[in-house]
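K.L.:
Got a structure for you, questions after.
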Amino acid sequence: MASPAAVENLPPPLNSSAEQPPLFDGTTKLYTCYTCPFAQRVWITRNYKGLQDKIKLVPLNLQDRPAWYKEKVYPMNKVPALEHNGKIIGESLDLVKYVDSNFEGPSLFPEDPEKKKFGKELWSYVDEFIKIVFTSFKGEGPKECGPAFDHLESALGKFEDGPFFLGQFSGVDIAYIPFVERFQIFLSEAFKYDITAGRPKLAAWIEEMNKIDAYKQTKTDPKELVEFYNKRFTAQQ
């Protein structure tokens, strides 16, 4: 069995009083936030491909973000953003593919035509999945988002050569896991709803994901998450 990867010593987040790291100095940087699920996708990709020494993390405090980030780095003022080869690239799903194509390490997208096709379908469904579940937090929760988790359960049964969406671990798993991680915690806490009940494949997938070091090291603190989501959703009701 492979020995677990060394836990990375993470740099502290930069706030509004922090100095800007040099821009376009030849270092590839991932501007991120440790608690953002979109940024987490690219962080997992970097880790899985073994690029810890090639792509430097520049974490930001999004509640108190530095003005230089919007002014000089990324006018969209969102994370993630990647500084590479003299340019800044954004959007998490685009970046998962970009890092996969432009850096060494195991490929995250299978060549098999059937898996490719199904992967594209799941890739296009992920935004809808996220929207359905987030919307349900402001309404009746489980009743509204149950079908979205059923969709994942059914998708996980498509290939039998492994417990992941495309059988083997791929970029599709990376697209979903940061959100499933958060949804599982919050639905359990706020609605006493277990997303894995009656969904054995989803339960097995989460269990297998939790064995992957590249992902494990990026997981968010459940207590902080519940606090954040409570503020964000229940305050509006």
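Every residue, even glycine, has its Cβ placed from backbone N, Cα and C.
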K.L.:
What range among 1-21, 85-105, 127-147 does TrEMBL describe as region 'Disordered'?
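P.N.:
Matching range for region 'Disordered': 1-21.
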K.L.:
For the domain 'GST N-terminal' (26-107), what's the model's average pLDDT?
P.N.:
97
